[in-house]
């Protein structure tokens, strides 16, 4: 993983035809700097059946992966092949280094747990009520006189010789030394590593990315500062936001068409009405194809709203 954002190279793992990002720093970087939200697909190990609050890895569109490659800020790695190759060729030194990195992560997790526990105990301590002060205990300054029965018992046990016998003549019993406890083995929490950066060095493999017809429209909107998410729930290819989806609602539902593709009038009417029903504008666009004399040309986009009858 790169140390600065200027020379950062996002690792995109291609697994079973899907483009996945496992590093949380890379996820934060592409969201803040490139406006790519994509979709979280991972579940928590503690609760693998839930499907509401998903986490790493982040699954990218093919358009996302292609756009990051074109901007030279990412590379695509064939993860299954790289892992198998690396595991077969790993020497003892590399193996020990990887295990040590895992142990370091576990120690870091333990420090975080201890800090959170200390903060929680401090909060609960402040909420506890102070204990009521106990009344003072009165200790008598003089001993009560001995009774006749006590004096008789002393005489039976040895009389004056027993009373005035020096205690230094008696053997002093010493407590046995406590047994030494064996050294406690360091107990560290178990962790689930999300990346293999410590095992696999930064690579430069770039498997081919299939070129989708929606890529021109996707890049066109992204370059103008729009955030794009899947648009299936609104009936389109994309949902288009004017800013981060955490702060804004989608303004458009977008579909991509070919330059010479015929669009049925029924599709325009239904998409326009559907967009109005969900309080969005229906956006459609397409790019002029490349010819022998020129590269791909301009891209045109239009918005449709259902105004009334």
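Cβ from N, Cα, C; glycine included.
Looking at 30-58, 59-87, 88-116, 117-145, the stretch flagged in TrEMBL as region 'Disordered' turns out to be 117-145.
TrEMBL lists region 'Disordered' at one of the ranges 162-187, 188-213, namely 162-187. Shown in sequence order, 241, 279 are the residues of the chain, 6+ apart in sequence, with a C-beta less than 8 angstroms from the C-beta of residue 249 (active site).
Sequence-distant neighbours of residue 280 (active site) (same chain, 6+ apart, CB under 8 A from its CB) are 234, 239, 250, 251, 252, 253.
If you draw a 10 Å sphere around the CB of residue 241 (active site), it holds 22 other CB atoms from the protein chains shown. Here the domain 'tRNA intron endonuclease catalytic' (217-284) has, by DSSP, the following mix of helix, strand and coil residues: 23 helix, 17 strand, 28 coil. Taken through DSSP, the domain 'TSEN34 N-terminal' (10-79) splits into 21 helix, 28 strand, 21 coil.
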